Amino acid sequence: LCRIQYHFGEFGNYSLVVKTLSTSNKSVSCDLVINEGPINSYLPILYAFLVYMGILAVLVVGRLFMKIDPVRNWVYKKLNGRETDHVTNSEPGSPNTDSASSDPTPRLLSAASRQRLRSLDTFRGLSLIIMVFVNYGGGKYWFFKHEGWNGKLHFLSALFARFVFIMGTSISLSMRSMLRRGGSKWQVLRKILWRSFLLILLGIIVMNPNYCLGPLSWDNLRIPGVLQRLGFTYLVVAALQLLFTRAGAESGTLEMPCPALKDILPYWPQWIFILMFEVIWLCLTFLLPVPGCPRGYLGPGGIGDFGKYPNCTGGAAGYIDRVLLGEKHIYQHPSSNVVYQTTMPYDPEGILGTINSIFMAFLGLQAGKIILFYKDQHNQIMSRFLIWSIVMGIISAILTKCSKEEGFIPINKNLWSISYVTTMSCFAFFLLLLIYYLVDVKRLWSGAPFFYPGMNSILVYIGHKVFENYFPFKWKMQNSQSHAEHLIQNLTATTLWVIISYVLYRRRIFWKI
């Protein structure tokens with residue numbers, strides 16, 4: 001009858017009035033009437049930003065004042081009374097230097113803290129805190145919700161992927177540390193197996209979302225999950241690194257035919273394994289016959305593709321999970337069922353996607369190798385991060401043809417497609433470059449407050465899931481449709497975990513698996 005374009009506002013009430021102007025030529029007019037004006041849903045975000053900027057300004061000014069000797073002495077006098085002389089004779093936060101009464105342990109801890117790259121913990125903590133905020137609801141804004149299916153890239157898409165990436169980076173650094181301390185490869189392997197087992201066990205027993213259905217039983221136990229994928233990914237990537245670690249490679253004593261590739265060539269067997277994994281993923285995704293579905297189908301099923309393939313959600317990835325794990329043991333409410341009205345269960349942390357999470361962690365492992373091979377050569381490290389970011393971006397552009405739906409392999413977080421991994425690793429390398437430059441090279445930023453949850457990532461992640469429905473992390477709201485109330489609640493809960501992680505850091509309490 002007519003076409004009309006209009007930007008509708010949230011909570012607005014509208015009427016469309018259609019009138020016949022002339023019956024002879026069938027002319028029609030369409031008018032939009034605003035019955036109730038919309039609200040500006042983004043004002044709560046602005047207010048929250050101003051509040052946090054105000055808190056940051058107060059902390060920065062306070063820190064500047066604390067550098068003034070009279071002010072610092074007065075504060076310490078008020079806080080510590082008779083211990084003023086003892087405290088003010090040393091730097092704030094430094095261990096006691098008195099040789100008669102000092103404990104060597106704080107000195108060792110302080111030295112270890114200085115040697116540790118703060119940028120890695122800051123990177124991990126930043127990804128974790130945004131993940132916590134989003135898991136708590138993200139103020140119920142549409143752009144903080146998970147994708148229905150293909151495309152729709154934003155920073156939320158990269159949260160779990162960045163976590164996997166930085167886990168790979170940590171593997172490279174921690175494994176070298178363990179081997180340098182004299183641990184044998186068998187001892188390190190036992191530790192890898194034990195840590196993987198604990199992560200998988202915690203994911204299945206503690207973090208299982210099917211508790212909402214009642215007491216957990218084998219009938220409805222969800223087998224895949226975030227921690228399960230982290231555990232299995234860690235197992236494969238750490239075992240690859242342990243198996244093909246060569247003495248002298250990271251110290252630069254091995255002779256290389258091409259010095260510019262000295263962080264890659266010694267580990268060529270690892271790349272062979274990773275390429276084999278990707279070939280397996282491609283073959284299963286595009287060649288595996290799935291009953292009732294076209295070969296190589298990557299769509300959401302349901303009413304997607306005009307409802308032609310309603311039971312094909314996820315194609316081969318969904319089919320493999322349903323056959324090997326069973327429909328009741330995978331995620332029952334995927335994000336695709338909201339938009340595409342799918343009826344089939346589908347698990348975004350399923351078996352096939354784990355292959356590409358291994359690739360993501362391996363790229364993070366490569367970032368760790370760069371840090372080790374070019375230790376203290378900041379320009380070399382940053383230039384290689386940039387090169388890897390560009391290379392991954394070019395591969396993504398080729399795979400997707402720079403489009404949402406028309407590429408060879410669309411970017412899809414639910415499937416963990418290869419294009420999703422290359423795109424997220426492109427962002428991860430660049431973000432790590434930026435944080436490394438600010439935190440460890442120029443020291444313009446200490447990494448706070450994200451550094452603290454990054455030091456206790458497992459505790460914060462498990463804690464925020466276990467206590468998400470308990471006060472003070474959640475309470476009954478007056479208006480469940482209000483963005484402002486949801487945003488206040490979600491930001492309060494997230495801030496509490498930052499404070500908890502800071503207190504644990506100050507008390508030297510770290511939960512490591």
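Glycine is treated like the rest: Cβ placed from N, Cα and C.
Among the features that TrEMBL reports, compositional bias 'Polar residues' is placed at 89-104.
According to TrEMBL, the domain 'Heparan-alpha-glucosaminide N-acetyltransferase catalytic' annotation covers 116-239.
What TrEMBL lists as region 'Disordered' is 85-107.
Per TrEMBL, transmembrane segment is recorded for 45-66 (among others).
Per TrEMBL, the feature transmembrane segment maps to 123-143 (among others). Within the same chain, residues 41, 44-45, 154-156, 158-160, 162-163, 166, 170, 431-432, 435, 447, 449-455, 457, 460-461, 464-465, 468, 473-474, 483, 486-487, 489-491, 493-494, 497-498, 501 sit at least 6 positions outside the transmembrane segment (123-143) and bring their C-beta atoms closer than 8 Å to a C-beta of that stretch.
The transmembrane segment feature in TrEMBL is assigned to 155-173 (among others). Remote same-chain partners of the transmembrane segment (155-173), defined as residues 6 or more beyond its termini with a Cβ less than 8 Å from a stretch Cβ, comprise 117, 120, 123-124, 127-128, 130-131, 134, 138, 143-147, 226, 229-230, 233-234, 237-238, 241, 357, 360-369, 371-372, 411, 413, 420-421, 424-425, 427-428, 431-432, 457.
Residues or ranges marked as transmembrane segment in TrEMBL: 193-211 (among others).
If one looks beyond the transmembrane segment (231-249) by at least 6 residues along the same chain, the residues whose Cβ comes under 8 Å of a Cβ in the stretch are 164, 167-168, 171-172, 175, 179, 185, 188-189, 192-193, 195-200, 203, 266-267, 269-270, 273-274, 354, 357-358, 360-362, 365. Among the features that TrEMBL reports, transmembrane segment is placed at 231-249 (among others).
Taken from TrEMBL, the feature transmembrane segment covers 270-290 (among others).
Within the chain, the transmembrane segment (351-374) has long-range Cβ neighbours (under 8 A, six or more residues past its boundaries) at 117, 161, 164-173, 176, 224, 229, 232-234, 236-237, 240-241, 250, 252, 262-264, 267, 270, 274, 277-278, 280-281, 284-285, 316-317, 320-321, 324-325, 380-381, 384-385, 388, 392, 415-418, 420-421, 424-425, 428-429, 432. Taken from TrEMBL, the feature transmembrane segment applies to 351-374 (among others).
Within its own chain, the transmembrane segment (381-399) is flanked in space by residues 263, 363, 366-367, 370-371, 374, 407-409, 411, 418-419, 422-423, 425-427, 429-430, 432-433, 436-437, 441, which lie at least six positions past its ends and keep a Cβ under 8 Å from the stretch. What TrEMBL records for 381-399 (among others) is transmembrane segment.
The transmembrane segment annotation in TrEMBL covers 419-438 (among others). Sequence-distant contacts of the transmembrane segment (419-438), counting only residues of its own chain at least 6 positions beyond either end whose CB sits under 8 Å from a CB of the stretch, comprise 117, 119, 122-123, 126, 153, 157-158, 161-162, 165-166, 169, 356-357, 359-360, 363-364, 367, 378, 381-382, 385-386, 388-390, 392-393, 395-396, 399-400, 407-413, 444-445, 447.
Look at TrEMBL and you will find 450-467 (among others) tagged as transmembrane segment. Within its own chain, the transmembrane segment (450-467) is flanked in space by residues 118, 120-126, 128-129, 131-132, 135-136, 163, 202, 206-207, 227, 473, 493, 497-498, 500-502, 504-505, 509-513, which lie at least six positions past its ends and keep a Cβ under 8 Å from the stretch.
Residues or ranges marked as transmembrane segment in TrEMBL: 487-505 (among others).
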Practice prompt. Report, as numbers and ranges, every residue of the chain located at least six residues beyond the transmembrane segment (487-505) whose Cβ falls under 8 Å of a Cβ in that stretch; write 'none' if there are none.
Written response: 44-45, 48, 125, 129, 132-133, 136-140, 449-450, 452-453, 455-456, 459-460, 463-464, 468, 472-475, 477
Practice prompt. Using a Cβ cut-off of under 8 Å, list the residues of the same chain at least 6 residues beyond the transmembrane segment (45-66) that approach it.
Written response: 72, 75, 92, 139, 141, 484, 487-488, 491
Practice prompt. Using DSSP, tally how many residues of the domain 'Heparan-alpha-glucosaminide N-acetyltransferase catalytic' (116-239) sit in helix, strand and coil.
Written response: 93 helix, 1 strand, 30 coil
